[in-house]
């Protein structure tokens, strides 16, 4: 501050010296005073800036400066991080939605394939569907092209109608301008003219028809042509056609000629009106120029007369008058142009009324037709899609039926019947046909179910393969995503570095520009001062003012250097402040990183301590278990011994079970032997009894035979004796016979019982059946003889 005050004191002294040296140059003094005032103002501003900088330095030393900015930057970075996290969440959500939609599409595809009977392994040929889509798109394009062509035609018609309406409106305007009539009257007149033209065209057509009829009359009749050869008939037909075409062309030429005549008339009338209007405009402009020149001359004379007594207010009034003169609207009176404008208004009215309504109606018609076509196309597409779905269903149904028929044919063939009979060989032969059919149907159903199971297994395998492929693709996509993120991070880092370099360059360039601006401003200032001094001082004063100029130049150089140094210091201060802000940010970031690292390290150390404790506990536990455990060799030996003992124990158990079974079999055989021995003894006793009885029977039979022979001899002897003796003998015989009969009856009953017993047990004991038969025959003979005697 003291240096600046000293400099200003020296400058003021120099200025006072300059003022004393140059008392006559008032303008120079004023300029010097103004420059001094400016320098004082600049010094005050610099002092204020220095005080502000000192305050900022104090705040920076105290640690208060930059906190609010750092907090704001932290908040901004947090907001950016939150926004990026939200964006990442949205991206993840979109990715999950895409995955879910892909899964849904795959499920729908599988469901539709299962409905349509298409296996998952089969690839669907999409070329046909794409061709159909292309054909539909081409059809739509063709329809659009046709509609565009129709629209173009309609636009051409609209333009032609507009032209006609314009010509009609021009005619109306010309008639209205020439005859000074009202537009309605002119319209009625034109309508009458149009009706007359229509009548004239009809008359022309009638005349042409009469001419053609005359020509046809002049031409040979059909009766005459019937007599002519065929070559002449063909030539006459060709000539008639050419005549008709020529008449049509003539009519079209007449119409075009009439149109052109009307157009030429309209154009000539419009040209005449335009020429008259332009002449009027030229006259008006010429008159306006003359008036403007007169006014300018008068104004110049007034200015010259009042040039000495002009004030600022008068100057402002003059300028306002000029602006008013410039802003005034030039009005021209042209009746022919008014007529043309009226005609144009009438034409526009007619066009707006007629062409607008016509075009609106036409556009409505076209929109309706377009909507109908679109609705028809939609219906056709819907019906075609439905029919395609039905066709696909029918094809699938036909394929299923064909496969079923093939399976039935295979079952009905010989070889599969043999195999099937081999399969169903365990069935019994005496089974009912209904049950056989049921079994066959069940077996067929089982075969179909097995086939379905195999198909499902193949489908599941295909799905597993597809899932593995999808997982691989997903992993590849994840890898690509990671690579993209890495590339993005690298590009971002390079971009940041380039940005920092560019910022540094910009700072350097700004510093250089500011310095150059200061140099430039000071140079201009010095140039102005020197030029003013050179103009004011003469040749004599140049030698006296040279040291003053040198002093002023030195002072200006010092001021320039001070300003340059000030700008450099300011830039350095700004750079240091920015660096300070960056360093404070880095310091805060490093502090936060250090806190995070400390927390992470403490957490990791605690984790390692816990892991160490758990590992020590597990090691102790394992050591205890090892102490309790047996060596591996002993364990293997014990296992081998245990296995051998188990095998021996199994063998002993098997032997014990076999011995028990053997003992049980022996016991059962012993009991059977005992029972057989008892039966044998009983049978022996019965045989002895039967032998005794047989012996007794044989003795009794022998005695009976001997007795019968004796009785016969006695009977024969008694016949020869007396009657009394015979009678007495008969009485005795009768008595003895009665006793014998009783005995024989007893014996017969005993014999019968014996025979029955013997017959029942003959198969068991192996007795002689012939002997029994002999005994029975003898008993029968005895009975027969007894009966004979009784008779």
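Just so it is clear, glycine is given a Cβ too, placed from its N, Cα and C backbone atoms.
Of all ranges given (450-484, 485-519, 520-554), TrEMBL attaches the label coiled coil to 485-519. Of the given residue ranges 576-634, 635-693, TrEMBL assigns the label coiled coil to 635-693. Per-residue pLDDT, averaged over the coiled coil (485-519), rounds to 84.
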